[in-house]
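Undergrad: Dropping a structure here in structure tokens format, bear with me for questions.
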Amino acid sequence: MGLVKKNEVYEGEVVDLTHEGHGVVKKERYPIFIPQTLVDEKIKYKVIKVKKNFAIGKLIEVQSPSQDRVEPPCVYYQQCGGCQLQHLSYEAQLEMKRKQVINLFHHKGKMTHVPIHPTVGMEHPWHYRNKSQIPVGTGRHNEVEMGFYRQRSHQIIDMEQCLIQYDDQNEMMNMVKDLLKKYHIAPYDEQQHKGLVRHLVVRKGYYTQEIMVIFVINGTKLPYQDEIVAALTQKFKNIKSIKLNFQHDRSNVVMGKTSRTIYGQEIIEDQLEQLTFEIGDLSFYQINVTQTQKLYAKALEYAKLTGRETVLDAYCGIGTIGLFMAPHAKHVYGVEVVAEAIEDAQRNAQKNHISNTTFVAGAAEDVILKWQKEGIQPDVVTVDPPRKGCDETFIQTLNQLAPQRIVYVSCNPSTQLRDIESLTDQYELKEITPVDMFPHTTHVETVALLERK
Ligand code: SAH
């Protein structure tokens with residue numbers, strides 16, 4: 001406190017980068033966090049917020065740039081809250097993500113002997129998202145606006161394209177914007193809870209190229225529906241499904257619980273390696289297909305299956321990891337808390353003629369106890385929990401079930417470290433591979449291999 005003042009301009013050198021991608025300048029030991037700056041850079045910044053233990057600054061000028069600094073290719077980058085690392089070269093992004101895992105496991109967890117491999121990156125790290133959820137709103141002059149939110153706000157940046165979405169998604173966004181203008185269809189207004197169109201959601205199969213378009217509306221029907229469907233399907237021959245999704249709640253949740261198909265089929269399909277998956281409007285499906293294949297291939301390599309193993313796939317979603325492993329195992333048991341996802345997993349197994357899987361709906365921590373009582377003895381367990389990591393009961397039961405190997409996939413290495421620390425009495429952490437699922441954002445995904453001592 002007292003070391004910097006709000007609205008004052010200072011000069012300093014960036015000494016560190018936080019996991020949110022913010023540069024850190026220190027005054028004595030007091031940190032000032034400044035977005036869009038990089039380690040070793042000399043910068044001029046303005047303090048915009050002063051708190052007891054830290055301050056936040058805004059970059060004014062880079063006086064001497066880092067060797068890793070690149071020109072962000074996106075014109076909306078300075079304002080948009082979607083990406084955080086476009087000013088850092090892709091090579092350096094991969095290294096930053098690896099360092100974050102090293103800091104956690106080598107330094108915090110003191111597991112200094114464990115190899116943390118280089119982050120597996122993308123060859124062309126742009127246009128990788130197969131799903132876009134684009135907010136629709138009204139601009140200052142009453143015009144329709146579509147694009148992503150400004151950082152820490154719900155103000156829409158009206159955009160023509162987003163460089164991490166597929167090209168089709170961008171073209172669709174522009175076409176829908178024109179159609180809404182042409183037919184005077186009102187965008188939703190969050191403040192007043194009035195107006196109709198809230199989001200445009202577009203999903204596209206990476207291999208199949210099949211497209212699903214979803215209008216998320218605060219209402220029951222879309223005016224000029226026939227004209228809009230005709231215009232879209234005329235231009236995009238690969239549209240297989242158009243839906244209305246009904247979201248009447250005053251909330252930030254993008255999609256409501258019910259939808260109606262207004263054109264074509266209920267689902268689209270996509271492929272991961274040799275497997276076909278059905279994708280609905282509400283089901284979870286990995287966003288970055290090429291990287292997902294690399295992630296699952298690494299998980300399969302770590303599982304070292306010979307065809308004789310019983311495998312548990314915990315937090316299985318629509319069964320993707322388990323179905324990847326099934327052809328190489330004796331039997332796969334999958335568990336997932338969302339019942340619809342389990343129905344998808346069962347259908348996906350059938351569709352791919354895989355008959356050695358059992359998928360059960362329920363919390364992993366409960367179902368694993370049930371399996372233990374039934375005497376199921378897994379050789380390999382894969383886990384892929386949400387950001388908060390695994391439940392304590394789950395980890396305890398896992399220790400008792402004593403599989404030979406545990407393959408832990410995580411989207412949050414800090415909870416992964418916590419869970420792995422609860423397993424290290426009986427298990428040795430052998431290695432970790434980070435995989436870049438979300439280039440230009442700060443998200444880090446990892447696969448870890450544990451073997452029984
Ligand atoms: N393995 C899948 C999904 C991973 S996402 C894939 O690669 O596609 C994590 C999943 O964990 C989500 O589907 C979420 O619904 C599920 N989940 C969250 N809490 C859970 C719990 N307590 N028990 C089982 N599944 C849970």
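Cβ from N, Cα, C; glycine included.
Pulled these from TrEMBL:
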type: DOMAIN; residues: 3-61; note: domain 'TRAM'
type: BINDING; residues: GLN286, TYR315, GLU336, ASP384; note: S-adenosyl-L-methionine binding site
type: ACT_SITE; residues: CYS411; note: active site, nucleophile
type: ACT_SITE; residues: CYS411; note: active site
Undergrad: Looking at S-adenosyl-L-methionine and its recorded binding residues GLN286, TYR315, GLU336, ASP384, figure out the farthest C-alpha pair and report it in angstrom, whole number.
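TA: So the maximum pairwise Cα distance among the S-adenosyl-L-methionine binders is 15 Å.
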Undergrad: Given GLN286, TYR315, ASP384, CYS411 as the recorded positions, which ones have a Cβ positioned under 6 Å from some atom of ligand 1?
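TA: So the answer is GLN286, TYR315, ASP384.
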Undergrad: Most Cβ neighbours within 10 Å: which of the recorded positions GLN286, TYR315, GLU336, ASP384, CYS411 is it?
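TA: For the recorded positions GLN286, TYR315, GLU336, ASP384, CYS411, the Cβ with the most other Cβ atoms within 10 Å is GLU336.
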Undergrad: I need the CA-to-CA distance for the residue listed as 'active site, nucleophile' versus ASP384 (S-adenosyl-L-methionine binding site), whole Å please.
TA: 8
Undergrad: Summarise the domain 'TRAM' (3-61) as counts of helix, strand and coil residues per DSSP.
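TA: Residue counts in helix, strand and coil order: 0 helix, 35 strand, 24 coil.
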Undergrad: Restricting to the domain 'TRAM' (3-61), report the mean pLDDT as a whole number.
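TA: So the average pLDDT across the domain 'TRAM' (3-61) works out to 95.
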Undergrad: What other residues of this chain sit with their CB within 8 A of the center of the CB atoms of GLN286, TYR315, GLU336, ASP384, the recorded S-adenosyl-L-methionine site?
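TA: Neighbours found: PHE284, ASP313, CYS316, GLY317, THR320, ILE321, PRO385, VAL409.
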